[in-house]
Amino acid sequence: MKATAALATALPEGQAPRSPRWRPALRQTLIILAPFALFAIFLLANGVNPLLLYRAMFVSTFGDLYGFGEVLIKATPFVLTGLAAALPARAGMINVGGEGQLAIGALVSTGFAVFLLGGLPSWLGIPLMLLAGAVGGALWAGVVALLKVKGNLNETITSLLLNYVAAFTVGLFVHGLLKDPESFNWPFSPEINWTLRLPIIDGTRLHVGFVIAIVLALAVWYVLGRTRLGFRIRVLGGNRLAAERAGMNVSRMQLWVLIAAGALAGIAGMIEIAGIEGRLRPSTGVNYGYLGFLAAWMAWNKPLRLLLTAFVLGMISVAGNSLEIGSGLPSSSVHILMALVLFFLLGSGAGRKVKT
């Protein structure tokens, strides 16, 4: 009691005592662990021992190099589409369009790979294919940006609606111009040249795209936290009126932030093609944009924390196969676990406010 009174008198008038620094970390840990506790109740109700199943899920994802590589493969697009959500969020905007931007990035990079880049060596073809994916995602996000800046339309609604347009656009191309003539009428593109495939680690499917995702996350972290541009983005996200009064060109900044976000998601689409699929399908990258958005919110839109939350969601995604084998439940039951993660995230307000 005396210590509290002494602390209160030591602080300036009107200033509350600061909470310990470990509390935000503890809160985020509980947000991640609580869904697993509730999911255990679901497992018990279906006659499944949750401890044994969680052990099987852990072994399948961390028991060998291949399983661990699968987690990192899943986490890679979550990191990039998460960055596509986190960067605009730091500027006070909500980009739900990572799904469509990834799809268009995959479409454009596949088109370039099939029609233009097939004869090029890896050292030239892969960077050009990556650039094509980035440009595709950037152009798709540019539509959202122009509608916001010129038409004053809400970017959340327009980016969400354009996800469906992107899905139909991909379907149109894989049923038409990009359809493999040897596909026996299945809707997918021709396979890209092997020289355009990303290098992988022997014994796994893990490709260099994971390294690209980490580098881009570090780059976004550096820009946001260590540069004048990042400071302006954070000021805009914290108080648009203050940014305008400081002489910032708010419309131009919003435009380029959304375009950069689209480029990040477009790179995720290229990596899915060059690293995993090898060809474009209507199912390429489905739901990766939404899961990346979830990962960004779980990380409070912080790029370095996003690496962790994307890894957790990647682990849950890969564990779905173990869930089916170990319990007899369908692998889609893992979506219940992801829904619980989202429920706790929204209930806690973890992504509602971010320090700028």
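Residue numbering: from 1, along the chain as shown.
Cβ from N, Cα, C; glycine included.
TrEMBL does not curate its annotations; it predicts them automatically.
Annotated features, as they stand in TrEMBL:
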TRANSMEM  25-45  transmembrane segment
TRANSMEM  65-89  transmembrane segment
TRANSMEM  101-120  transmembrane segment
TRANSMEM  126-147  transmembrane segment
TRANSMEM  159-178  transmembrane segment
TRANSMEM  206-224  transmembrane segment
TRANSMEM  255-276  transmembrane segment
TRANSMEM  282-300  transmembrane segment
TRANSMEM  307-326  transmembrane segment
TRANSMEM  332-351  transmembrane segment
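Between the transmembrane segment (255-276) and the transmembrane segment (307-326) there are fewer than 3 Cβ pairs closer than 8 Å, counting only residues 6 or more apart in sequence, so the two stretches are not in contact. Packing against the transmembrane segment (332-351) from elsewhere in the chain are residues 27-28, 31-32, 34-36, 38-39, 42, 89, 291, 294, 296-301, 313, 316-317, 319-320, 323-324: each is 6 or more residues past its ends and has a CB under 8 Å from a CB in it.
The stretch in 159-178, 206-224, 282-300 that contributes the largest number of Cβ pairs under 8 Å to the transmembrane segment (25-45) is 282-300. Taking Cβ pairs closer than 8 Å, the transmembrane segment (206-224) reaches residues 69-70, 72-73, 75-77, 79-80, 83, 86-87, 90, 130, 198-200, 230, 233-234, 264, 267-268, 271, 274-276, 302-304, 306-307 in its own chain, all 6 or more past its ends. Below 8 A, the CB atoms of the transmembrane segment (159-178) and the transmembrane segment (101-120) form 3+ pairs separated by six or more positions in the chain. Within the same chain, residues 32, 48, 52-53, 56-57, 59-61, 67, 70-76, 78-79, 82, 214, 217, 291-292, 294-296, 298-299, 332-334, 337-338, 341 sit at least 6 positions outside the transmembrane segment (307-326) and bring their C-beta atoms closer than 8 Å to a C-beta of that stretch. Taking Cβ pairs closer than 8 Å, the transmembrane segment (101-120) reaches residues 77, 80-81, 84, 128-130, 132-137, 139-141, 163, 166-167, 169-170, 173, 178, 189-190, 192-193, 195-196, 261-262, 265-270, 272-274, 279-280, 284-285, 288-289 in its own chain, all 6 or more past its ends.
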